[in-house]
Each structure stands twice: as C-alpha cells, then as structure tokens.
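Sequence annotations record features per position, and here Swiss-Prot assigns active site, thioimide intermediate to 186. What Swiss-Prot lists as active site, proton donor is 193, and the listing cites sequence analysis. The substrate binding site annotation in Swiss-Prot covers 86, 87, 88, 225, 226 and is backed by sequence analysis. Under the heading NADPH binding site, Swiss-Prot lists 88, 89, 254, 255.
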C-alpha cells in the first residue's frame, strides 16, 4: 500500500489482475483527495462541508478459526476529512484477500479491517459487520425528497455546467429535492456509474428545471463518486447560496461494493443508511 497516494492511472482500474485469497493489505490503493478538490477550489484545510463516504461490502467472506467459511455484509464509513480516498477496485481486491484467511472472530476481523482502511485513508474508518442472522432486518427505501425527474425538459448538454444553476432570492424555502437520473463515469476506465442523489437545503428557492439539467450534465463526466458529490455540493452552494445544504448520493454497486457519499454544512452525520431498490 502506497500511502503517498499515487495517481488513479497507477491503480488496478482497467488492468488485468490476479485475485489473491490470502490477507494482503498492500492491495489497497489510496488516492489523494486534494488533487480533484483543487479543480473545484476546495482546500482540505478549510472544507466547506463535513461528510462521510459510506461503503457497503456485500461480498465479504473469510474462514473461522476451524477453516469454515463465514459471510457478512460490511459497512465502512470513511470521513470526508481524510486526506485520501480508496480506489474501489483495490478495495474489492483487498476484501477478496480474506476469502481463505482464518480469523479468530468477528471482532478481530472488524478491528483488522478498520486498522488497514484507516491507515490507507489517513483517518479513522468505522467498520460494522452484519452477520446472516441480521440480514432479515435489511430494508430498501428510496432517498428522501421530492423527485424532479418528471419535469418535461429538453436536454442537450451532458457535461457539468454550474452556470445554468439559479435560485430565486425572493423566496426562501427549506426543501429536499431528489433525482434518480445521476450518471457519471469512472475517472480511469469510463465505465458508467449509476446513482440517485438527494439535495436538502434552506435558502433561495432553486430552479428545479435548471437543477435537473445540471445533474443530467454529469452523464458524460469522468470522476469518482466522491468527487462528483463534492462538485455538486460546491456548485450548488456557490450558484444558489443556500444557508444550509446537504448532498447525499447512493450509487449502484460494482464488484460487490456500493459507495454512498454524503456532504453537509449543517448536519454532523447522515440520519440513515438504507439502500435504494437499484442497490
């Protein structure tokens, strides 16, 4: 593991790799957040948001002390204030390295995951693991908010364009808007990433048609999930001047992992972590 954060092009993305089934934390590939934050004028020493990247690992498996396979669903919470994010394919390869690794128990596994991921991210990563007897409690729900996807608009731009965002300064509101039409593409491979996004704010009333066009504008944009959400947050904050703003996206899984970035200037943490139907 190179914690000096190499560039995405050096990651396992788009490359043929061998799958290791014995524990190997060196598979993790951290990437500095600041490089992409520079593009949107954000300094990690003075972030305009708090936040967390919630990852769900649906394909976690290991061996118990007697060699019997075990499974679980893991939730990882990586602080947005960490200097590094973790590239998703390397994350998958790292989790796969537990497949033939014996662990003394669920607590030991969670502690080891947290230790390795915290070292990679440069900040404390919280880990929880749901065992099969808890799977029945898993539920599905859509993101909160009024969906704007049925607005009858014409669209001819498929790149982020914050200039089209606008808000009515004579109408101050508190509302939550959401869309299931968020699509971006992997920064390295160009593979499509599908998501839903919720925007909760207090401030001048945002033009909904303009917001929907703006979100659709990510359709040909190549960036990691976390970077897209931070770009949305910063663009809406600057163009529409809300006093309170929370942006929360939930992306469909790839390689057994989904990524759900959450950014806010008014809340300490997301109130829920419920997967959507597409997840």
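Cβ from N, Cα, C; glycine included.
Overlay of Swiss-Prot feature records on the structure.
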residue: 86; record: substrate binding site; Cβ within 10 Å: 26
residue: 87; record: substrate binding site; Cβ within 10 Å: 23
residue: 88; record: substrate binding site; Cβ within 10 Å: 24
residue: 89; record: NADPH binding site; Cβ within 10 Å: 22
residue: 186; record: active site, thioimide intermediate; Cβ within 10 Å: 19
residue: 193; record: active site, proton donor; Cβ within 10 Å: 23
residue: 225; record: substrate binding site; Cβ within 10 Å: 24
residue: 226; record: substrate binding site; Cβ within 10 Å: 24
residue: 254; record: NADPH binding site; Cβ within 10 Å: 16
residue: 255; record: NADPH binding site; Cβ within 10 Å: 15
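Taking the mean position of the Cβ atoms of 88, 89, 254, 255 as the NADPH site, the remaining residues of that chain whose Cβ falls within 8 Å of it are 91, 92, 256, 257. For the recorded site, residue 225 (substrate binding site), the DSSP three-state label reads helix. According to DSSP, residue 89 (NADPH binding site) is assigned to a helical segment. Other than the site residues 86, 87, 88, 225, 226, same-chain residues with C-beta atoms no more than 8 angstroms from the centre of those residues' C-beta atoms, the substrate site, are 31, 53, 85, 91, 224, 259. Each residue contributes its Cα atom, and for residue 255 (NADPH binding site) and residue 87 (substrate binding site) these two points are 12 Å apart. Within 10 Å of the Cα of the residue listed as 'active site, proton donor', the following binding-site residues from the list 86, 88, 89, 225, 226 place their own Cα: 225.
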